[in-house]
Amino acid sequence: MTDAATNMRLKLPITCFILEIILIILFGTLVQYDYETDAKEWHNTSHQDYENDFYFRYPSFQDVHVMIFVGFGFLMTFLQRYGFGSVGFNFLIAAFSLQWATLMQGFFHGMHGGKIHIGVESMINADFCTGSVLISFGAVLGKTSPIQLLTMAIFEVTLFAVNEFILLSLLGTKDAGGSMTIHTFGAYFGLMVTRILYRPNLDKSKHRNSSVYHSDLFAMIGTVYLWMFWPSFNSAITAHGDDQHRTALNTYYSLAACTLATYGMSAITSHDGKLDMVHIQNAALAGGVAVGTAGEMMLTPFGSMIVGFMAGIISVLGFKFLSPILEDKLKIQDTCGIHNLHGMPGVLGAIVGAVTAALATTDVYGQGMADVFPAVADGSVNATKQGGIQALSLAITLGIAVLGGLIVGFVLKLPVFGTPPDTLCFEDSVYWEVPGSESPEEGELTSVKPEETEHLNS
């Protein structure tokens, strides 16, 4: 039997049931199919079935969905005793967040006649929002209870929708791949939460805050899925035609260049020239993050490769040198290193987007300017001002993420959430039935000490 403080027998079912009942009521009251999903509305107009947006967007949605549930979930399985928590809580948070995001994003973007209209594009956007929450999850991985994670998701999804509305609807910011709205927001929100939840005695669990051979292999499954599908992620909601094609291509080459930079930097920063699997699992993905904002712009293939190359270098240096400083000096215990994979590359992507937007001309974009920068095309703003809007959007995103993360962190610090003790962080058996657990004498795959077993069974 687990410790009374971490026992989820009543807390988790009550929380899950109440949240889902509320969601069902809200969906029943506010949500309905959009015209491309509704049987009556679709057949009231003259068109062919293959013109339905489903056939254009669903392949991208499938890829994004795999990234959310398989990619993010398995990327975090590197911890030797927290594989269930990584994949399992990722599953739980994502299932809740996509429903709550549908409501929050619909409230700001999709209200028609007092109803939220949903279709395949709203599914993609909900997954994007969920991705931001899962990024924040990476910062607090192994140190929080499922109740805390669900509570964090409630607040973060809401703030994500507010930030997204300000940037995309009010300011006219371009951020199709979410360098700002998804990665920067999720990273700095999560970093502030984990700062407030700082554990001065986390060293008591440091023997579990590491990987073993097979756990790193599982994490590489997540890396490979994310790497393969990132072009779909960045291009999923861009305009059909050349915009979507260009975004996928730019992401494709950015990731490739980033990967070579990652391998090179990993060897350089190691005193014996050996590769660090932490770098390969994470930094090789930074190119997808960094090209998210500018991916749909005329960045050019070599430009996207430069961005990816820079992102790989920055990310590896962050893992090697910056993460220890953040923990020692700023007391930011970032379990997955989200600052290095999502935070700094996200900021880089926002800067690249601002510069690329400021340099946009009709000679380069022609009539395509209307798709990429509609406000510039219709004369509402010039390219320089669009670049300024992009830069302002980064500042707004950072402000909302930092302030929101600090506030939510204090909420999560309340003693009602059943957090694991310092001695049992990064340990599945606190919240999960773990079959076939090995004793320390039987092998090195387990790091549970005898006194910790007594604590769990008390």
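Each Cβ is built from the backbone N, Cα and C atoms, and glycine gets one as well.
If you look up Swiss-Prot, you'll see 1-11, 80-83, 143-151, 198-216, 271-274, 320-340, 413-458 marked as topological domain 'Cytoplasmic', on the strength of sequence analysis. Feature annotation from Swiss-Prot assigns transmembrane segment to 12-32, 59-79, 84-104, 122-142, 152-172, 177-197, 217-237, 248-270, 275-295, 299-319, 341-361, 392-412; the stated evidence is sequence analysis. Residues or ranges marked as topological domain 'Extracellular' in Swiss-Prot (evidence: sequence analysis): 33-58, 105-121, 173-176, 238-247, 362-391. Here Swiss-Prot flags 436-458 as region 'Disordered'.
Between the transmembrane segment (122-142) and the transmembrane segment (275-295) there are fewer than 3 Cβ pairs closer than 8 Å, counting only residues 6 or more apart in sequence, so the two stretches are not in contact. Highest Cβ pair count under 8 Å relative to the transmembrane segment (299-319), across stretches 59-79, 84-104, 248-270, 341-361: 248-270. For the topological domain 'Extracellular' (173-176), the model gives a mean pLDDT of 96.
Using a Cβ-Cβ cut-off under 8 Å and counting only residues 6 or more beyond its ends in the same chain, the topological domain 'Extracellular' (362-391) has close neighbours at 171-174, 239, 241-243, 293, 296-298, 350-351, 353-355.
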